[in-house]
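Below is one structure, written out as structure tokens; comments come after it.
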Amino acid sequence: MEDLNWLWILLPVVAVVGGAGLLVPRRGRKSAPPAPPTAPTAVETPVAPAPAGAPVDTAPAPAAPALDVPEPVSGRMVRLRSRLARSGSPLGAKLLAVLSRDSLTEDDWDEIEETLLLADVGAGPTSELLDALRTRVRVEGVQGTTAVRALLREELLRLVDPTMDRSLATAPTDTDGGPVPAVVLVVGVNGTGKTTTVGKLARVLVADGSSVVLGAADTFRAAAADQLSTWGRRVGVPTVRSDREGADPAAVAFDAVRQGRTTGADVVLVDTAGRLQNKAGLMDELGKITRVITKEAPLSEVLLVLDATTGQNGLNQARVFGEVAGVTGIVLTKLDGTAKGGIVVAVQRELGVPVKLIGLGEGPDDLAPFDAEQFVDGLLGS
Ligand SMILES: Nc1nc2c(ncn2[C@@H]2O[C@H](COP(=O)(O)OP(=O)(O)OP(=O)(O)O)[C@@H](O)[C@H]2O)c(=O)[nH]1
């Protein structure tokens, strides 16, 4: 109980701080904060009937768990910044080292180019940055560590683009029939961290005072639904799932959204499998999920989860999902495991949509809203 008292004390604080960076202001909120500790049976609540031919079961309600108190969102970017800085940050450190040399030769510029390419910044953004740096070093005669760092910070920031809208649409949507939950569909190939991200995001939303329903539409792997239920249970969030391996993911997604609607939830987060080997199959599956969900509520976000350590491979995935899934935001996971932060720039360019969230580790609160300035400062080791 003592833990839970902390939750109620924390919620108003987190709602203010978290709302600034991550979430759009709520419109027409109609529901109370997450299930209070006295109603633990809200976890894994029964679902509405499945569409014809696609039965969906729900697991029985477990015994009352002690609920976690998610870490406030506000401190997380600071953690990212220090992690990036601690990682040795080859990108920022190497660029600074070369740019600080007395007079830059062609070999030095080649070294800068190579560093950027190795950090997965991508060919287009690399040549843009090189042109900008060359011009400014020549024209402005920038010299000295402080001035060079300021120049590099400015130009890296321009590439990462602080003007992009990175807020998450997690406010209920107004429809003719009244407000319906925001629906966030999470897509990406297997192993990138989708289920983990859905679990972490549920915690962020709970910390923000939202009521959440999870939909385990990754029916390919039975353990994925267990994994998701565990995440939900820890913060008192119900999970709609099927225990039948290979059940129709669209049916589970539909039931999750219906459940959210019936219970007046603010947000429904839907995890998917993304295991399909070809574009046509992927398009069919995601198309069907989207079609059935939108019978209940419009899609508010389609988040593509990409593993930051996969480089060019990740970009290829981004391209395919971008074409078939109408992606509105990118979640870059495992940024803690790579020094190649340049992927942020490359993937935004590839898809034309912003990185909205980043994964910083395997801990339950290792998910942060992406902040361009903090990210660049982390790269520069400041
Ligand atoms: N280091 C690190 N590991 C992460 C991060 N996000 C996820 N992981 C790990 O990546 C592994 C795969 O995560 P899942 O969430 O199961 O991935 P998935 O995309 O749902 O995989 P499938 O269910 O197989 O499609 C797990 O071991 C996670 O703990 C992150 O930001 N950093």
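Including glycine, each Cβ sits where the backbone N, Cα and C put it.
Predicted automatically and left uncurated, TrEMBL annotations should be read as such.
Looking at 28-68, 110-150, 151-191, the range annotated in TrEMBL as region 'Disordered' turns out to be 28-68.
Of all Cβ atoms in the protein chains displayed, 28 besides its own lie within 10 Å of the Cβ of LEU335 (GTP binding site). The most densely surrounded of the binding-site residues LYS194, ARG275, judged by C-beta neighbours within 10 angstroms, is LYS194. When averaged over the domain 'SRP54-type proteins GTP-binding' (354-367), pLDDT in the model lands at 92. Selection of the binding-site residues GLY191, LYS194, THR272 by a Cβ distance under 6 Å from ligand 1 yields, in sequence order, GLY191, LYS194.
Long-range neighbours of the domain 'SRP54-type proteins GTP-binding' (354-367) within the same chain, counting only residues 6 or more positions beyond its ends whose Cβ lies under 8 Å from a Cβ of the stretch, are 22, 68, 70-71, 76, 79-80, 83, 161, 164-168, 193, 196-197, 199-201, 203-204, 231, 234, 303, 308, 329-336, 344, 347-348, 375. When Cβ neighbours within 10 Å are tallied across all protein chains shown, the highest count among the binding-site residues GLY188, GLY191 belongs to GLY188. Here the domain 'SRP54-type proteins GTP-binding' (354-367) is broken down by DSSP into helix, strand and coil counts: 0 helix, 6 strand, 8 coil.
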